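Listed features, source TrEMBL:
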REGION    A:1-24  region 'Disordered'
COMPBIAS  A:7-24  compositional bias 'Low complexity'
DOMAIN    A:32-119  domain 'Pyrroline-5-carboxylate reductase catalytic N-terminal'
TRANSMEM  A:209-231  transmembrane segment
TRANSMEM  A:264-285  transmembrane segment
DOMAIN    A:264-405  domain 'Ferric oxidoreductase'
TRANSMEM  A:306-328  transmembrane segment
TRANSMEM  A:361-381  transmembrane segment
TRANSMEM  A:393-414  transmembrane segment
TRANSMEM  A:434-461  transmembrane segment
REGION    A:470-493  region 'Disordered'
Amino acid sequence: MQSNMKTPLLSSTPSDPSDSSAPPLSLSGPVVGIIGSGDFSRSLSIRLLSCGFRVVVGSRDPAGVGRGLFPEGVELRSQREAVEAAERLVFAAIYPEHYHTLLGLRDGLTGKVLVDVSNAKSLRGGGRQSNAERLAELFPMSSVVKGFNTVSAWALQVGAHDGSRQVLICSDCSASKASVLQLSRHLGFSPVDLGGLCASRDIEEAPLLLFPSWGGPMLTTFLLFLFFYAYNFMRHVLLPYLDKGENNFYQLPLVTVNETLPSVALVTLALVYLPGVFAAVLQLVRGTKYRRFPLWMDRWLCSRKQLGLLSFLCAVLHAVYSMCLTLRRAAGYTLLNAAYRQMKAGVENSWVEKQVWRSDLYLSSGILGFGVLALLAITSLPSVGNALTWREFTFVQSGLGYVALTLSVTHTLFFGWDFAFYPSSYPYFLPPVFLLSLVLPCVVLVGRILLALPCLTFRLTKIRRGWESRRHRPTHNPEPSVEVDPPQNFGDV
Amino acid sequence: MQSNMKTPLLSSTPSDPSDSSAPPLSLSGPVVGIIGSGDFSRSLSIRLLSCGFRVVVGSRDPAGVGRGLFPEGVELRSQREAVEAAERLVFAAIYPEHYHTLLGLRDGLTGKVLVDVSNAKSLRGGGRQSNAERLAELFPMSSVVKGFNTVSAWALQVGAHDGSRQVLICSDCSASKASVLQLSRHLGFSPVDLGGLCASRDIEEAPLLLFPSWGGPMLTTFLLFLFFYAYNFMRHVLLPYLDKGENNFYQLPLVTVNETLPSVALVTLALVYLPGVFAAVLQLVRGTKYRRFPLWMDRWLCSRKQLGLLSFLCAVLHAVYSMCLTLRRAAGYTLLNAAYRQMKAGVENSWVEKQVWRSDLYLSSGILGFGVLALLAITSLPSVGNALTWREFTFVQSGLGYVALTLSVTHTLFFGWDFAFYPSSYPYFLPPVFLLSLVLPCVVLVGRILLALPCLTFRLTKIRRGWESRRHRPTHNPEPSVEVDPPQNFGDV
Amino acid sequence: MQSNMKTPLLSSTPSDPSDSSAPPLSLSGPVVGIIGSGDFSRSLSIRLLSCGFRVVVGSRDPAGVGRGLFPEGVELRSQREAVEAAERLVFAAIYPEHYHTLLGLRDGLTGKVLVDVSNAKSLRGGGRQSNAERLAELFPMSSVVKGFNTVSAWALQVGAHDGSRQVLICSDCSASKASVLQLSRHLGFSPVDLGGLCASRDIEEAPLLLFPSWGGPMLTTFLLFLFFYAYNFMRHVLLPYLDKGENNFYQLPLVTVNETLPSVALVTLALVYLPGVFAAVLQLVRGTKYRRFPLWMDRWLCSRKQLGLLSFLCAVLHAVYSMCLTLRRAAGYTLLNAAYRQMKAGVENSWVEKQVWRSDLYLSSGILGFGVLALLAITSLPSVGNALTWREFTFVQSGLGYVALTLSVTHTLFFGWDFAFYPSSYPYFLPPVFLLSLVLPCVVLVGRILLALPCLTFRLTKIRRGWESRRHRPTHNPEPSVEVDPPQNFGDV
């Protein structure tokens, strides 16, 4: 029971066989050291304390630190004493510029885990050394672990109740990393292991970035929106105004936006499935899956989820805008004026069977396509996707994805009906916008159908199971591999 | 520090007190062995390596394996050497047909954990021995753990960023299983412990199955849809056409679908709550909760969540279809023709107070019922449901569920208004579809109200707290049980 | 291998280096004791058994307990034998009133972990001792851990497949708590560590509470709804009826509700951001962030997420109601009568450009505001929020939150257009409801703009990084703190 006190206490927390008879004292937790007495140090010490750890804060001038700033139970000592008191973990909560001032503590820190919690000052762009790497250089006999810098001091202090529970962690020493992973789980966070210490370059820059994986897809979607909006503006508003003096400017806030959104949604959805078709073609041509794709294609493949969700967002907005169309004053006026004209003309029944079928068919296929897209979006939620097996996930994201794309194309085709063949649909020689937006989706669908030809499917499946055409195989491989499902890397949004 | 090297290293990864002073070397991780050099082996070794493990791949012909296929850092050896180098875990990544070829490695594998990653060739239907069970028979001195077969080689290699992080694991040895659970967590997956090795029969077949728990509910919903669609088609389209030559075929793509969907949603919702009522009645009649329900009822009880979500899906589609009704050309033509007729007839005010109330009331109750159903669907998301206490979850799923059912019935009743009593509502002696769809929901609501009678509630609560009527109680049980809330097993979608 | 049997077995389950050579026996798991043979005991033993633990149930009269009630593999013994057989964990599954009957087992329980699973009988309101605290008093030499009381016996037995996986745990001994945390994770639950044993007062009352954090926000929203509904009823229905005999009662179920909902949504959204503005002002005035806010403000700050979600719910209902407006019979009649009047008056074109712009603009801004609110709601899902870094979460919840508020205010202003300046908009001297609902949002927006003035922002940022104005700083703090992002505690819904 007493011998317990001599063993490292942090590791004893989760599941140590040796402390099975630990006395029921609230202060029996492991001792964690923190160098620095600033804001982060305070918040961290409050949190550690409330989770049952003992905390020793090391300051260059412990007497000068306001005692009231730290909660009761935190010991304020010199830096050296804090480092020596710490049983395994020491947090370096000072500015990275001052890391060299810790060199005197080298001996005390030997064999201990030094946690670097600093942020990058600015985006360095990969090449430069990170703060954590510099710290590891200064203290070669300690294990440096990067982590906790993405957490705010406030979230640390009060507990991460809503969101942002994520702590990015990396280290070259897997045992030390495991301790910090465990600690962060214990403090109520969700640690994510990012591998070796070189990952600290990204981790330090993480707080400077906002949704880094969303930048490209959002820009793409925005440019598509701009293009289609400008095209619609010119075709329906500007040219009729210049040409015939028609005042259609009232369409700008809602009608033109609602004409633009479905085109953007459709093209973006095609962009989700295009790189998968490219990848399959490339693998077929190369005869192997063991050569890397070009960088731009790797990036594109990694942006598919974001593109898919942005496509869904545009589809949602299009649906809501459309359902609000009849709420508009303009819709009411148009109907009233039509009633007036019908009356004047003495037409008893204005029913046009063809138009009725057209509108019902494009609404139907649109609603169904939207429903399938919504299922895709729901399985993109982390907790839902995580509950699926890999085959189910692929089925939803690839299989249902192509169903959604096909339904969207059908929706557009029914909407366009036979207008594409009327000369009146080409005012100022500009084709209708739905024709433009159909180009890419049709390319994808045709590509997919070609790839589904038995001969190509057979070869592709072989390649994806690890087979390589002769010219790429370095030597003969006599060992049969376990039959794994083909790692189909196209079509999962 | 050096003694560390002698202890098994995998177990040291997460939280081993003994390696508190592990040297900060990136290659200090535990050694994992993989038998087989196929595609799965490559992907797994890449992943293990990047997570800080050391990997030894054993091949029957190590010289023949293309060195370039495996990343630097992976050691390629003979199978015997790989097994001996592995400190605790050995993956068997070869075809199950070749398991007998490993018999020569028995001695080396003694005391080690052998992980079977193979899939079933076809659905065997329970009775037959699984690959993992056969492996365990061949190696009685090793602990066989089943796992990782549901993961794709591709997801293994690049990391499971989006969805499908789930790894199903089972074993008869809980300590070995714990090691593999830990390993898979370490590799970034979400392991699910499915118990003893007999579960491997299901696990091996899992990759062959798509949403196994959804089959029955989806078939039920689809059959209901077919029935109601056919009924509506006959009543509103086919018979009027045959009888009077009315051409209502334009209703097929949208109007008939939208008449069918609410019936399906309502009946499916009733099917969610019906088995709970049955179960309560059965418990009341039997006087105990300790006898199993018949198998079909167990299955039905387990399908309630799926049925509830499918009911919600139908309700969503019904809502969207309904909101698109006024967008249809047909709606415009109908209104214009009505305006023409009103004008001709000289009716200044066509307002019918009764119809106004009817439409506003059924829309209101429909929207509210839909809103409550949406809350139920949201708490069915794993991450939301997981954050609720059990009582909150029951309150939402059972309490709010009945509110949704009641509101849906109200919606239908207001929609039907007093039409049920007009002879004109029974063309060709076919009752309106809303009457048909009300049967089951009304049975459920009446059953629930009867069960809420004080005498029955009292007895049911007692039974659910563990009380048994005399004829079922085997012996007298003098011990008071802890007061737990009644495990109410009806009404949670 | 055999020595394994002597070490505590629970701790060996997850990751014990010492059992690396554990024999592949299914019954090698740790032994857990349960005192009491009631319903909870049965369910718990079934669960433990199926997860590879060995279970000894202790009863006062083991011979009298029905053997058939417990599954095969559970050992039924006397209480003393069960306590002695347990290697580390003993569950006290009897009524808290009978805790004193266990006093004779004190010696056997010394050094063991005693888990209290009881519920409170009624809400005690904080002051009184909890069952777990009383148990700890009775057994000072055992570590008492509170937990598992929020789980239903049913969920225990069959596994928590859907939702309610949460187990609240607390203890004064962190090592014992860690063991129970580990155990509950092993049984498939999501344990939440709530700190010291004093938290057991809340944990025991948790099963009596329903959504405790939602009470205040829901009451607020409900009262706002009542007020605005009554106001609309008086202004549009009651007074016109009393005054001119107009019969507008048909508006009550839908139209009046839909006039009320947007006001409630807007004011509730303002209430989300108001306390943040207050907090910033208070920090500016006080010159420090290290003084606690008043209790009512702390509570308000903690209710922001709930208020935000309720605001979103009202906005969703408003959107759905609005989109159903044209489906109403009343809308059809109104249009037909308008067509009749237009015909009679001989107006060929009833188009009013101003009204067209107004309706399109308020629909547009409404849809966009609604879209942004939906993004906020999605990031409030635990699994989504958890995947964001802290800065991303703040950007969405604070940044996009203000965008949503601004768009909602714009929506309301366009809706109101210039009506506010017509005398006819003030019947019975009652201002239009949209004016009332704009007061609070405008206060918040003005406050936020003032706080964004450079001088105030600079000071506030300094304060939030830990700086304190001279009068509050107890002593000089020479240590530079790590640069953490400002813990912005307003604006995150």
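Heads up, the Cβ atoms here are built off N, Cα and C, so glycines get one too.
As the structure is a computational prediction, the values presented were derived from the model and not from experiment.
This prediction places the mean pLDDT of the domain 'Pyrroline-5-carboxylate reductase catalytic N-terminal' (A:32-119) at 88. Between the transmembrane segment (A:264-285) and the listed ranges A:209-231, A:361-381, A:434-461, the one holding the most Cβ pairs under 8 Å is A:434-461. Only residues 6 or more beyond the boundaries of the transmembrane segment (A:361-381), in the same chain, are considered here, and those with a CB under 8 A from a CB of the stretch are 269, 305, 308-309, 311-312, 315-316, 319, 388, 393, 396-397, 400-401, 403-404, 406-408, 410-412, 414-415, 493. Same-chain residues lying 6 or more positions outside the transmembrane segment (A:434-461) and placing a CB less than 8 Å from one of its CB atoms are 228, 231, 262-263, 266-267, 269-271, 273-274, 277, 280-281, 283-284, 402, 405-406, 408-409, 412-413, 415-416, 420, 486. When the domain 'Ferric oxidoreductase' (A:264-405) is classified with DSSP, helix, strand and coil residues number 118 helix, 0 strand, 24 coil.
The DSSP breakdown of the domain 'Pyrroline-5-carboxylate reductase catalytic N-terminal' (A:32-119), given as helix, strand and coil counts, is 39 helix, 22 strand, 27 coil.
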